[in-house]
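*Asks:* As listed in TrEMBL for this protein:
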type	residues	note
DOMAIN	396-472	domain 'PAS'
DOMAIN	470-520	domain 'PAC'
DOMAIN	521-590	domain 'PAS'
DOMAIN	589-645	domain 'PAC'
COILED	636-663	coiled coil
DOMAIN	670-891	domain 'Histidine kinase'
DOMAIN	917-1046	domain 'Response regulatory'
MOD_RES	ASP966	4-aspartylphosphate
COILED	1093-1120	coiled coil
Amino acid sequence: MQNAVHNIHYSLALLAEYPNASKREKKQYLSRVASNQKKMKEWVYDNPNKFKHKYDLVEAEIARVLGQNERANEYYQLAIQEASQNGYIQEEALANELAAEFYLSLGIKKVGEFYLTQSYYTYIRCGAKAKVKDLEERYPEFFSSLVHRETISKDVAMTAAPTMGNSSAELHLVTLTKTSQSISTKGYESVLDISTVMKACQALVGEVVLDNLLAKLMLIVMENAGAESGFLILNREGKLLIEASGNMAKNEVKVRQSMPVTSSDILPVSAINYVSRSQSYVVLNDARTDGKFSNDPYIIAHQSKSVLCTPILGQGKLIGILYLENSLTTGAFTPARLEILKLLCSQAAICLENAQLYEAQKEYAQTLEIKVQERTQELQQEIIVRKQTELALRVEQEKFAKAFLSSPNPIAITNFSDGTYIDVNDSFSSIFGYSRSEVSGHTVLEMNILANPEEFNKYKQLLQVDGKIRNQELNVRTKSGDIRTILLSSDRIDLGGEVYILSVMNDITDRKRAEDALRQSEERYRAVVEDQTELVCRFKPDGTLTFVNDAYCRYFNAKRSELIGHSFEGLVPEEDKINIAQLLASLNSDNPIGTIEHRVLFGKVQRWHQWTDRAIFDEAGNFIEFQGVGRDITDRKQAEDALRESEAKFKKAKEAADAANRAKSEFLSKMSHELRTPLNAILGFTQVLARGSSLTKQQQEHLGIINRSGEHLLTLINDVLEMSKIEAGRIELHEHSFDLFRLLDTLAEMFQLKAESKRLQLIFERSQDIPQYVKTDESKLRQVLINLLGNAIKFTEKGRVILRASLAEKRIGETTIQFQVEDTGPGIAAEELPTLFDPFVQTETGKKSQSGTGLGLPISRQFIQLMGGDITVSSRLGKGTIFQFNIQIKLAEATEVPNQTLSQKVIGLAADQPQYRILVVDDKSEGRLLLFNLLSPLGFQVEEAANGAEAIAIWENWRPHLIWMDMQMPVMDGYEATKQIKAIQKSYSEEGNHYSECPVPPPVVIALTASAFAENRATVLAAGCDDFVSRPFREEVIFSKMSEYLGVRYVYEESAVKQKLQIPKQTTSWQLSSEDLAAMPKEWIVQLYQAAKALDEDKIVQLSEQIKNLDARLANSLVELAKKVRFDKITDLIEQINHD
């Protein structure tokens, strides 16, 4: 059975990739699928119930990619029907999903949505939460309105935003082939017959008389929904009126009742009101027990069973409500029948609007005819009325014009696409100095109104996303050149197919100037206070002054003799005297100093003082008197009041920003998981395939290309995630000790070959005084140096690239090291330097290279700043560029640096070891398969579990030594599973002798996660995991962790230890040139050129063999270029010969 599952999924994967494949690959894909189908057909012959639906589903996909639509339709139906009949629920869901994608690709939206719905419910039934979530994310326009379907399985009331609105009155009918008679879904009681539904919709479309439409509609919905009775309620100018009722037992429909719902006792008013308010549908499987509406008087009185109440929406507005009831049985209105009603109500909304419009037009025509007859003799009066109407219309237009033109706020209407002014009001002209005619037809940028033109695109992007902006502070330029500050509020408006911006401005220039003046006044006052002597006095407990200084006298404009001997209490308001008395009473020899702020009276004017009072004691500890040092803080108090007002205004903005940061963090976590999980499979299976000993050289090269491409993609993803984490404030420094010399040597090895391929000198200059063993964030330092060196080599065509490392400053225990990366490349223009470190911004040279994301330099700067430094750049066009940065590094000892072991290929387990049992827990089959294929061939016993619940069951019965645990899974996630395993294990240990009967130690649990945040490690370990491995992972990490925790010993492939590349201060080597090629025979050069143009690697190798005796270096270089797919380099050198 497992082989059959692999067979079908392998075939479906090939057919899914078929549209993107080359012509040769398509042929290979179809050949492989045909081979799989041949084997599947044999299995079908032996057991059709198990395998027939798998075979038919692959046949449907083959027909789809070959454009055989009728054949595809036939096989989709067979696959769905056979999977349902034989109980293969998950494959039934898959077949419905693929059928939905097929019909949606053909533009048959209604049928596609039906199959999509069937797939969605079927996935829910089989518990495939990940697939349910996947469908909701891939088709948000269809599933955003549906609540979680767990409520269906629990048989409780189900509500969700309706998807019945349709802005088009045209019904697209779909003709299916003979096999698409009906589609059934196991577990549902109704069968959705597309042909019947379409005929019913067609019958509704053809009816425009409201009475007839109401009658038909009631009969159709009751028949298709399995209802015993029903009511159709229409929204008449905000009032809900019962306009039609039906009874299937009596086979009758009554229309035009116009009975208000609020005064009716023939249906549950609470459910009707709920649907009217929420515009959501309600399904009650048993209204008597469903808690939400079970207390409704109607339901209590009639003991209703199955109830369905759904809104009928047209263009987002409530047109009516459909109420259906079946009192004979519970659960009558199944999800399948609900889907029927959704299709019918979608069309009914259009038909009801058309019928009501037809009725209104008919009534209007009748009324108009009567009026014409009655007023034939009153033509003159009608003319007068018409003129009065025209006059009233002109008055309303003038009112609108006045509201726009006479608004005290500047208002402008501009085109969204380029900012062309459509109209402005008088206030706009008054503020900016431009008349309406001067700005009309010109763009915002042409008029040079924005002080910072870059803000135009910024606000345009905000409007594109949110549709509005509110109270954005903006500096603008008037006609005279003055810069003014405004608060801008704008809305994006769609009118007649065109998109406009309505902008309302509030000139706050005067307020800003007043704020600046207040700040300047405060600064002047502060300067005066700092320059003058503070107020100093001494006084007795009753406030009688015994001493005052000159500043005190000057402040109160009194002579010293007028103050000493008098109490200051007369200058203090009554309510503040109590606070002063309490402060003075609290002072003692242990706590002699206190500070207080209070008011001082100057006639009718109050000013604020701050006093620091000290209790003075003699040597014996006896109290003598108080000394006070004070200053006037009136301006500060006023500023504090103003600050409190400002803080209140900005508090909401801060809360919104905090919410945005939380949303960004959640987004990052989700994005990391969604991107790294498939990359784990790509890079992981590449490693598994590379372990094979039967690979041809070409296959090894292809695997190398896949691995390098995956690593490149991972680098790009990491760049984006790193930048996002920086912006979200989630980036941290992780310091550890390492060998700086080894890091530099590794970088030299990494870039040497790349430099030689471009005939560049790669020079590493390391001063003798820099320390070898240091402590900082090695990963971030390596990433910065790789980015700078990579850019330098990429953009330098001739000359050299130099990395310098030197000592900038040395202190006890730490030092500052300076790094420089210099190249002889094209240089960077001066105008590009200010934006060089902005995210997603590239220089002109970078844009021409058509590579990179524009994130490398911004991330590098953030990392350097995190390490206590900054990065600078100097450049001259045509001469080259120098990037330089200093970082603070702590010194380390050699003993603190972990030893670096050689990376050797593991080929088996060493002898004399136990049979290790390994459990792999992952809801993704490819994740389990990867670890199975990696560990099983080496001799490990491997079992698999698709969720936490399965993992616990296997652990209790099998007792694995180590569990590789995915943390995000349906049914039960890795966090809960780990907690339960550890708890059960602890209870066994507490019982005493449980493990004495079984020599197997408690299992090691290592988490597998694709999280973007390193701090998630703490969460994982808190759940009970022993360690943490991030995806995508390398096989050596897996083997290393198992060796660390289980003591596993391996057998390694024998290989020579690769010698380290020794790079002198300046290295040069022989490089292939056009002169070397020019020395070869002309006919041979022509053949080489043709082979390079045809990308024919074998031909180039053959031609190289011909000249090996003449020039071995040339032959080897050509073979190396061909294997690196650098055919362009060969053609460039030959074309240079012709040019020279």
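Here the Cβ of each residue, glycine as well, is placed from N, Cα and C on the backbone.
Keep in mind that TrEMBL annotations are predicted by a computer and have not been checked by a curator.
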*Asks:* When DSSP states are grouped into helix, strand and coil, how many residues of the domain 'Response regulatory' (917-1046) land in each?
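*Replies:* The counts are 62 helix, 25 strand, 43 coil.
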*Asks:* Under 8 Å between C-beta atoms and at least six residues away from its ends: which parts of the chain pack against the coiled coil (1093-1120)?
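*Replies:* Residues packing against the coiled coil (1093-1120) from afar: 1070, 1072, 1076-1077, 1079-1080, 1084, 1087, 1127, 1130-1131.
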*Asks:* Where DSSP helix means H, G or I and strand means E or B, what are the helix, strand and coil counts for the domain 'PAC' (589-645)?
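*Replies:* Secondary-structure breakdown of the domain 'PAC' (589-645): 12 helix, 33 strand, 12 coil.
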*Asks:* So what's the mean pLDDT when you look at the coiled coil (636-663)?
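*Replies:* Per the prediction, mean pLDDT sits at 75 for the coiled coil (636-663).
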*Asks:* I'd like the number of other C-beta atoms within 10 A of the C-beta of ASP966 (4-aspartylphosphate), please.
*Replies:* 26
